[in-house]
Amino acid sequence: MAELRHRGATDKELQHQNSEDKGSETEGKERDGASDNETKSDSGVPVPADDTPVVLNKALSGLSSRWKNWWVRGILTLAMISFFFIIIYLGPMVLMMIVLCVQIKCFHEIITIGYSVYHSYHLPWFRTLSWYFLLCVNYFFYGETVTDYFFTLVQREEPLRILSKYHRFISFALYLTGFCMFVLSLVKKHYRLQFYMFGWTHVTLLIVVTQSHLIIHNLFEGMIWFIVPISCVICNDIMAYMFGFFFGRTPLIKLSPKKTWEGFIGGFFSTVVFGILLSYLMSGYRFFVCPVEFNNDSNSFTVYCEPSELFQLQNYGLPPVLQSITGWTTVKLYPFQIHSIALSAFASIMGPFGGFFASGFKRAFKIKDFANTIPGHGGIMDRFDCQYLMATFVNVYIASFIRGPNPSKVIQQLLALRPDQQLHIFNSLKAHLTEKGLLPALEEAA
């Protein structure tokens, strides 16, 4: 009997302890804002409906869903590639405007998901502040770009010179205004959610706006630095899909069940070959290889220059193995083609991780696509998830391995100095050249 009483007491203690643990877990959940009421909206995000054009639906009605999706994706991919060729023909300024429009659309898609998830809480000023911060960040980045690349134009116009001089202060003042508006909008019962969305907006700005700004920086280095990386990502998407569709058997990653090793490997080799061939075709045209600059004489933007050594044919010796196969000892290539191997390899190996990241994001919020802007493809962000990662790599690659001192920018900065500062630099440069023995040689030649 004593033993039974002891066991009964023990069971009561265990039950009491379990009830306390459950109570503490419930309190922890409430404290962390992870209760059912706050997480129920995860499943409240609507899945985009099928908005395939009626003409395509009728034409492909006899096909299975797998082949119907294949044809829809293929036709609209060709349409997007055709549009890409048109905007390339229209020139770099149009390309920059398209990049800005794409950036705004991608930002809108991500912010809309956040609003859909938390719309039932009626967070004050959320969408207004999100768009305001987008405006502030774009003002900062585009102002920096204009000051950096079009220094002569800025110095010539008085309003632009004033805006350029105080650009960072104005940008900070604009951001500070938005920051104060956010603090004033805080509501006691929504503190945590409001800070969630504040972080949501800023991470979106980091992913979308910052990286789209790098695309424009790449464009200023020459259209080839814009076209080849983007084309490599597009080629990898297409070829990986084709190889995976026809030969795919082995799953690649759980985040994207449709991705296969066959598609990944086939896309890699196809993209490397494509990058080498496209680079060879484009390196011979100044329109593609010359940086975008402002011409003071014509008051317009030009892409005319003497191509650098990077875009001049050079002889390269072949390895003995290739010599025995081809019978050639040397081959003529543009140095840029060698760099294109690095670009296309990154687009094939690391670029898809941008897509995997987007897949994880969509799974976290139980949505199929970011939007339904493009039938068969989803939203604009679904097409640019890899492009933004690629743009960052290209910008870092140019800064690390390609870009050197720019004499024209140095001269522009010297012309903005006071006369006494210019004279000091002139005397210092003259003394340096005399010490090196270059100045006398120049005078004798003159």
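Placed from the backbone N, Cα and C atoms, the Cβ positions cover glycine too.
The compositional bias 'Basic and acidic residues' feature in TrEMBL is assigned to 1-41.
For 1-50, the entry in TrEMBL reads region 'Disordered'.
Away from its own ends, the transmembrane segment (125-142) comes close to residues 100, 103-104, 107, 111, 114-115, 118, 167-168, 170-171, 174-175, 178, 181-182, 185, 194, 197, 201-202, 204-205, 209-210, 213 of its chain (Cβ-Cβ under 8 Å, at least six residues beyond either end). What TrEMBL records for 125-142 (among others) is transmembrane segment.
Tertiary proximity for the transmembrane segment (169-187) is limited to same-chain residues at least six positions away from its ends with a CB under 8 Å from its CB atoms, namely 123-125, 129, 132-133, 135-137, 139-140, 143, 163, 194, 198. According to TrEMBL, the transmembrane segment annotation covers 169-187 (among others).
Sequence annotations record features per position, and here TrEMBL assigns transmembrane segment to 194-216 (among others). Distant neighbours of the transmembrane segment (194-216): 96, 99-100, 102-103, 106-107, 110-111, 114, 118, 123, 126, 129-130, 133-134, 137-138, 141-142, 145, 182, 185-187, 226, 381, 387-389, 391-392, 394-395; these residues of the same chain sit at least 6 beyond its ends, with a Cβ under 8 Å from one of its Cβ atoms.
Cβ atoms under 8 Å from those of the transmembrane segment (222-248) belong to residues 70, 73, 77, 81, 84, 88, 92, 95, 215, 258-268, 270-271, 274-275, 278-279, 282-283, 287-292, 303, 311, 336, 340, 343-344, 347-348, 351-352, 386-387, 390-391, 393-394, 398 of the same chain, restricted to positions at least 6 beyond its ends. Annotation comment: TrEMBL describes 222-248 (among others) as transmembrane segment.
Under 8 Å from some Cβ of the transmembrane segment (260-282) lie the Cβ atoms of residues 224, 227-228, 231-232, 235-237, 239-245, 247-252, 288-289, 333-334, 336-337, 339-341, 343-345, 347-349, 352, all in the same chain and six or more residues away from its ends. According to TrEMBL, the transmembrane segment annotation covers 260-282 (among others).
Beyond the transmembrane segment (336-358), the same-chain residues lying 6 or more positions past its ends with a Cβ under 8 Å from any Cβ of the stretch are 224, 228-229, 232-233, 235-236, 240, 253, 255-256, 259, 264, 267-268, 271-272, 274-276, 278-280, 283, 289, 310-311, 370, 381-382, 385-390, 393-394, 397, 401-402. What TrEMBL lists as transmembrane segment is 336-358 (among others).
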